[in-house]
Amino acid sequence: MEVSCHLRCRLVGMLMVVMLVGVQKIPSSSAQTTQRFQFTVEWKKVSRLCHTKPLLTVNGEYPGPTIAVHEGDDVEVKVTNRIAQNTTIHWHGIRQLRTGWADGPAYITQCPINGGKSYTYKFKVVDQRGTLFWHAHYAWQRASIYGAFIIYPRLPYPFSAPIQAEIPIIFGEWWNGDVDTVEKEMTMYGAGPNLSDAYTINGLPGPLYPCSNEDTFKQTVERGKTYMLRIINAALNDELFFAVANHTLTVVEIDAVYTKPFKTNAIMIAPGQTTNILLTADQLPDSSGMFVMAARPYVTGIFPFDNSTTIGFLRYKQPRIAEKTKIPTIPNGSFALGNLPEMTDTEFATEFSNKLRSLGSPQYPCNVPKTVDKRVMISISLNLQDCPANKTCKGYKGKSFFASMNNQSFVRPSSSILECYYKNLKIINKYAGFPEKPPREFDYTGGNPMTQNMNTEFGSKLLVVPYGTNLELVLQGTNLLNEENHPIHVHGHNFFIVGKGFGNFNAAKDPSKYNLVDPVERNTVAVPSGGWAAIRFKADNPGVWFIHCHLEAHTSWGLAMGFIVKNGPGPSQRLLPPPPDLPSC
């Protein structure tokens with residue numbers, strides 16, 4: 001009975017891939033264990049907000065196609081680059097056990113895929129289930145190259161509510177202008193980037209923006225039924241609040257890890273994070289049958305930001321109302337959604353974060369390291385760099401904006417660090433030396449943000465740890481230039497958020513308050529504005545891995561680092577050889 005149930009679940013999932021996903025499947029003689037997909041990176045003209053422009057897409061879709069597989073599947077995605085620029089794809093949150101060659105960040109684990117070339121990403125989904133996503137990991141291409149990555153579980157969900165349907169909801173940003181130009185000008189002049197012109201839900205801005213009444217996401221539901229919303233924040237530079245008018249949401253999973261369920265009126269989701277929520281259609285709609293769903297930014301900084309709101313609609317299916325019901329008129333471009341937090345509501349963001357706990361059941365245990373072999377403290381800073389002679393700088397006071405970790409502003413080399421490391425393990429001496437604490441201690445969150453500011457150092461130094469190290473990273477925010485909530489993503493590993501707080505981390509007192517029972521497990525942590533977060537994980541995935549802020553502007557400024565996990569003694573604890581079609585620089 002268990003085998004037949006498993007096969008039935010797999011067949012349903014495969015049917016959903018074919019009918020709903022829109023990915024071109026490559027025929028396979030072993031389709032039940034190896035799922036193969038074809039991605040083509042290409043330009044397509046897309047219209048939004050009264051503007052039509054060439055947009056980078058995968059398979060001509062915006063957002064890109066959903067990948068749906070099963071826990072335990074082998075996955076192969078052949079990516080063909082049909083544009084003149086380089087590109088790569090990152091499978092965000094997939095741990096890539098011993099398959100760092102498939103992780104995707106350009107010049108970290110691979111050289112980019114050149115125009116006219118192809119590369120097949122091959123990896124296995126091991127002990128993961130839920131909602132993740134994929135995106136380009138070259139320059140700012142993930143502004144439009146992204147899509148959902150859904151892993152169906154082998155076993156039933158650990159919650160009892162029957163689910164009528166599962167609905168991916170992907171938040172993004174839209175620029176009327178060319179995103180590549182935005183990035184180049186920011187880099188050239190050391191200034192902040194031009195703001196996006198809209199937020200989007202599944203690529204659609206919604207009726208609060210010009211020419212967007214028809215470009216509005218609408219989801220039909222039946223009263224009394226429960227739905228799973230698979231929510232993904234693929235936005236480049238903004239954390240977002242999300243709510244549905246008059247409806248209570250139940251959080252059951254984040255970053256493809258089950259949580260202790262809890263009810264909430266809204267969620268906060270940072271770029272790089274995913275959240276699965278259950279929504280029961282238990283309200284009495286008016287004659288329109290519509291309820292607003294909305295997302296707007298969570299703001300902690302003083303820098304300019306896109307302060308607009310994207311909305312869609314939950315549409316109740318009613319026999320007497322046609323399916324093509326017009327979108328309700330929204331007077332003066334405003335709407336009422338009392339359960340959507342204000343943009344500066346740090347109290348709500350903090351309370352929401354504190355409610356997240358690992359499920360911690362016998363079937364899905366919380367394997368947080370109780371002790372650590374190494375603690376590394378990392379200050380996260382925005383920096384001002386003196387403007388070189390004969391150059392125009394448009395940052396604050398005529399200087400250039402940069403960002404750093406422990407005053408190291410990361411510079412990507414011109415070749416793949418992982419490939420160099422694999423071919424010559426002694427090259428580790430070239431990249432080792434990332435400082436394991438800030439170069440000098442200071443009042444990280446309470447001092448004068450300008451007088452304590454430092455010119456940063458540039459380089460590609462990496463943290464190096466032995467296989468199996470129980471590692472703790474204390475991510476310490478600073479108020480240099482500006483306090484801000486930073487979403488930090490760790491490649492190659494999930495981690496446990498064992499502690500958080502505002503102000504400066506106190507190594508003598510704060511660890512005694514850690515949660516080592518059921519801390520939340522994820523791959524991207526929102527480090528509190530003017531505060532710190534402590535994460536723990538076992539470094540048991542050999543290779544070279546990237547750690548960076550998922551605000552793309554900050555990564556471009558250098559708010560990133562990398563780390564090497566050395567090979568372990570056993571054959572199953574060593575990095576696999578590179579594939580034959582690995583791109584070259």
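Every residue, even glycine, has its Cβ placed from backbone N, Cα and C.
Listed in TrEMBL:
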type: SIGNAL; residues: 1-31; note: signal peptide
type: DOMAIN; residues: 41-154; note: domain 'Plastocyanin-like'
type: DOMAIN; residues: 167-318; note: domain 'Plastocyanin-like'
type: DOMAIN; residues: 434-568; note: domain 'Plastocyanin-like'
Per-state residue totals over the domain 'Plastocyanin-like' (41-154) - DSSP helix, strand, coil:
6 helix, 58 strand, 50 coil
Predicted model, mean pLDDT over the domain 'Plastocyanin-like' (41-154):
98
When secondary structure is assigned with DSSP, how many helix, strand and coil residues does the domain 'Plastocyanin-like' (434-568) contain?
9 helix, 57 strand, 69 coil
